[in-house]
Amino acid sequence: MPRRAASPAASEHEIDILGSIFANDNDTEVKAKAKKRTGGHDEIDLDIDALLNGAEDGGDGDDEALIALQQAASFRKTTNLKGKTGKKSGGFQAMGLNPSLLQAITRKGFAVPTPIQRKSIPLILDRRDVVGMARTGSGKTAAFVIPMIERLRAHSARVGARALIMSPSRELALQTLKVVKEFGKGTDLKTVLLVGGDSLEDQFGFMTTNPDIIIATPGRFLHLKVEMSLDLSSIKYVVFDEADRLFEMGFATQLTEILHSLPPSRQTLLFSATLPRSLVEFARAGLQDPSLVRLDAETKISPDLESAFFSVKGAEKEGALLHILQDVIKMPTGTPEGFKEDKDEGSKKRKRGPDRPNAKEKPTEHSTIIFTATKFHVEYLTSILVQAGYAVSHAYGALDQTARKIQVEDFRRGKTNILVVTDVAARGIDIPVLANVINYDFCDQPKVFVHRVGRTARAGQKGWSYSLVSDIDAPYLLDLQLFLGRRLVVGQDTSAGANFASDVVLGALQRNSIETNVEWVEKVVQESHDIALMRSVVVKAQKQYLRTRVSASSQSAKRARELTASRAWSQPHLIFGINTDDTEALRVEMLAKISGFKPQETVFEIGHGGKGTISEAVEVMKQLRKRAPVRKSKTDKDADDEDEDVPVIKRAKSDESSDEDASFDEDDFVAVNDDSDEELEVTVSNNADSAKNASAWRDSEHFMTYTPRQSNVAEERGYGVNAGSNGANFLEAARDVAMDIANDEKSTSFGAPTRTTMRWDKKNAKYVSRAHDEDGSRGNTKMIRGESGVKIAASFKSGRFDRWRKDNRLGKLPGVGEAETGLPRGMGGGGFGGGGRRFNHKREDAPKEADKFRDDYHVRKKRVAEAKEKRIGKFRDGEGSKREIKNNDDIRKARKIKELKMRKNARPARKKKN
């Protein structure tokens, strides 16, 4: 019997009962379709075979089976409507985003939010001010773009921008614009880009199109704000992207002026890779009860990271670096084997090559990043490593942005194995998972070390960090050991078993390899004049760096003297295995004694040790030794210092014993406040007599200590003014993560522009400070006061916008809050989003006039004739032009020509007949 066609149902939720009547025609087909429809879903525990087989027992079984199948299919459709996927909650679907934005996120390839996105997006959607701090490349841009698009939704017909994103550089602004365009494809939001280097007239046109989102650099945006007298009262959403770089590049004045013009009801977000102290003060002033979001709060260093610290001499660091690359990492020379050049680099459709590594994969097996102190170290080490045959990329703060992008892209694609950078440059670079990190110049702060090694051992992968520690770096190593709370293993100490992942393992490198590499480096320096000049500059830069870096603690400095003087300091590192042969150790010890040998004789006494005649100079030196007292050595002075500290300790103990009856202890007070060492200054007297009578001047009844006796500090703190607010919590959290990074070019403070502070005054024939020019005290540069009171350049208000508006015949523009009007013809709607084209780089210039003395005279003459015929450039307003109104210059020129002709002809003009 042939199968009958199914009768149509009114909706997909209704059941076609005719199918159950003819279900026995092809029972196997029905079972196959049922299994296909329900395969792979566990939402309903349904035994389909049992239901279908129930048709043999009675007629009602088929109806129940098919009804159950239809209900299961309907249930699956309703559960998959949100987000168009059947994924579990916990991703972007659980954040309450609109469907068009979810589709854009899925189209972008984001499946699960990154940790910074998971923590910050809910806070931003709740209209909270956020200070986001995360590792580079963790998705900070999407963390503030997604909530911005969710909040703005669509283009507003009311005049006034609603979102402002400040970026430190043109390249970063372009990158942010690209992300905004990709996430806002399902909306009609208008976005404009305002960066330096573009035409001001074009940007005037962009701002008159009523954009919703402004992505700008501080300098150009402040220029447009002053020139156009922009009203920023409609701004609701402000983002400072890479805020640490904004302050480092000297935009503090511009940011202060812009921040003063924003409404107080705005939502302010501040995202940064690091958190300098100046940025903390800016956040306190510009943000309201901010929430600090950071990712390194639970663990300081990844547990999968293994570290090795090598004790080296300052003059042998280049050889030690080559020894690590050759023998420890075993890095091959030349271009990596797996790298292939992209054949279709010129194709616009190809955005990613097939050989480009994934973001969670290492570019190469031996990918290594080397951190140095200054940009001069970067250039010098790059030249040395290139001479050694390695594929090297480099980057530093003063490097051109395009060159930096090319260098980092080569490293990311696997074209090079090594990237030599400074802390300033590496902070804003998106670097994937690395295999190794080498600290060529040891960091002066433990937080900087954590920031450096945080680029490896990501996503559950193993990683190594290698650090070169010289004698002057030993105090900083001990500070790092205390900060990490790890055990210090020096030399061949195998008593408790060294663990490279949980201990600070210190030792020396293999002496033979270092000497070979040092000799090779000296040979390269002698043969290359350029490298020799670089080395001389590096020596000066190293002195300046050591002079300006943060000092280590005094206790670590005392411990470092003992550490460097010990025998274990020069013992081989445990990474090379346990050395049972003491020959190498004895050799190193002998060389150390020879290098530290200091003869007791002077130059006058050399060669006069025999029984012969003694010269007069020798007799004089003997008499001087008898008269002069024996000088104390450095170790004796240290011992005396330690002896002087003993009474102070006794005094502290006596103070503690006298306060034992108090209800609150001073140690508890310090623990509750948790102040940093820089904010507290303790002055202790070394007078032994006062230490003996420490308790004599205290009166137990009337003496007032700086710690409360009868009150609970925790309770008082709970009743404090800032109790219950997020301001105090932000300050406490920011105190732990605040970190200042040393400049890689000059020793200027963070936030100061990196340029010379003095200039030559020709009039007075002397050097004067540039600060006088910037604040307007000198008459060279005219300054005006902004709305916040700071002085800005008077050139910002030059009248160019008024002239542009007059040339384009624009009247009064609508104010903020008014309904937008249609744009004049030819404006094009300028901008980058939501309709409207951008007319850039299409200006047609007329060719130059033909020169009779040039070989191409006839060619030029022909091109000029064509330009006159086509009305191009300056020939646009010739005879027969639609624009017949002449300007003042044309009228003045025509009158002058007419007067000259009249003088030449010597006769009056011809009068018209009536």
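Placement of Cβ uses the backbone N, Cα and C atoms for every residue, glycine included.
Annotated features, as they stand in Swiss-Prot:
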| type | residues | note |
| --- | --- | --- |
| MOTIF | 90-118 | motif 'Q motif' |
| DOMAIN | 121-293 | domain 'Helicase ATP-binding' |
| BINDING | A134, R135, T136, G137, S138, G139, K140, T141 | ATP binding site |
| REGION | 333-364 | region 'Disordered' |
| COMPBIAS | 338-347 | compositional bias 'Basic and acidic residues' |
| DOMAIN | 341-502 | domain 'Helicase C-terminal' |
| COMPBIAS | 354-364 | compositional bias 'Basic and acidic residues' |
| REGION | 626-667 | region 'Disordered' |
| COMPBIAS | 657-667 | compositional bias 'Acidic residues' |
| REGION | 746-786 | region 'Disordered' |
| COMPBIAS | 748-757 | compositional bias 'Polar residues' |
| COMPBIAS | 758-777 | compositional bias 'Basic and acidic residues' |
| REGION | 807-857 | region 'Disordered' |
| COMPBIAS | 825-837 | compositional bias 'Gly residues' |
| COMPBIAS | 842-857 | compositional bias 'Basic and acidic residues' |
| REGION | 872-891 | region 'Disordered' |
Tell me the coarse DSSP state (helix, strand, coil) of K140 (ATP binding site).
helix
DSSP helix/strand/coil residue counts for the compositional bias 'Basic and acidic residues' (842-857):
1 helix, 0 strand, 15 coil
Looking at Cβ-Cβ distances, which residues of the chain lie under 8 angstroms from T141 (ATP binding site) while being 6 or more apart from it?
Q175, T176, V179, D241
Model confidence over the domain 'Helicase ATP-binding' (121-293) (mean pLDDT, whole number):
87
Helix-strand-coil residue split for the motif 'Q motif' (90-118), DSSP-based:
18 helix, 0 strand, 11 coil
Just counting, how many other CB atoms are there within 10 A of the CB of S138 (ATP binding site)?
19
At a 10 Å cut-off from the C-beta of K140 (ATP binding site), count the other C-beta atoms across all protein chains.
25
Determine the Cβ neighbour count for G139 (ATP binding site): the number of other Cβ atoms within 10 Å of its Cβ.
16
